[in-house]
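A short worksheet on the structure shown next.
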Amino acid sequence: MEEAKDDCQSPSDWGAMQDLTSWGITDDKKGEESAQNDREELVNDMKRAGTTVSKVTVGRTLRRHGFKSCIARKVPLLKSSHVQARLKFAKDHLDDPEEAWEKVMWSDETKVELFGLNFTRRIGRKNKDELHPKNTIPIVKHGGGNIMLWGCFSAKGTGRLHCIKERMNGAIYCEILSNNLLPSVRALKMGHGWVFQHDNNPKHTARITREWLRKKHIKVQSNRTSLE
């Protein structure tokens with residue numbers, strides 16, 4: 001507390017620091033919870049509880065305890081089933097040698113929104129906690145002006161990028177693979193024994209897709225989970 005007192009700029013700041021201590025913000029657990037809130041929200045909460053303190057003092061106190069103001073990361077909104085499936089995938093391949101991954105060609109589709117969410121929210125967190133769910137802003141795929149892209153990559157580099165202009169189904173997906181996946185494999189010199197990895201999106205697991213992959217003798221690694 002003496003250290004905190006030295007950092008305060010006036011007796012009123014020191015009194016506010018005492019209020020923060022009595023309110024529990026300087027405790028690690030309470031401080032972590034407080035850091036998730038906007039400082040103005042926190043000041044208002046304390047005011048309603050009978051404690052008057054400035055945003056500057058709250059920010060100074062949180063910084064002193066290792067929390068800094070950062071922009072909350074935007075991450076896909078994960079259901080429990082997504083988390084469990086991805087954890088299983090990670091455990092299943094935990095002991096795979098590094099050279100095995102060098103033979104994997106990854107692919108996926110993504111929607112790039114032209115008029116998506118563009119707001120940011122500043123939070124207080126420690127460096128190691130940037131991807132903790134409490135420090136992120138969940139996002140979901142939704143409308144607005146957008147384009148859909150398909151792409152692929154491997155340890156050897158990036159493959160082709162294709163703009164999907166039609167509503168994609170199994171047949172369209174097979175056409176994309178034929179025109180983009182196979183040329184990418186040749187361009188990156190994947191060699192014999194390469195493995196294709198895509199998620200379990202219904203278009204990827206459709207009968208027409210499975211049949212196309214079988215006819216092309218393309219080995220598919222156990223599917224990772226789609227977020228759709």
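First residue shown is number 1, and so on along the chain.
The backbone N, Cα and C atoms fix where each Cβ goes, and this holds for glycine too.
Note that TrEMBL annotation is computational and uncurated.
Positions annotated as compositional bias 'Basic and acidic residues' by TrEMBL: 26-43. Per TrEMBL, domain 'Transposase Tc1-like' is recorded for 40-95. Annotation source TrEMBL lists region 'Disordered' at 1-43.
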Stretch-averaged pLDDT - the domain 'Transposase Tc1-like' (40-95): 81
DSSP residue counts for the domain 'Transposase Tc1-like' (40-95), split into helix, strand and coil: 32 helix, 8 strand, 16 coil
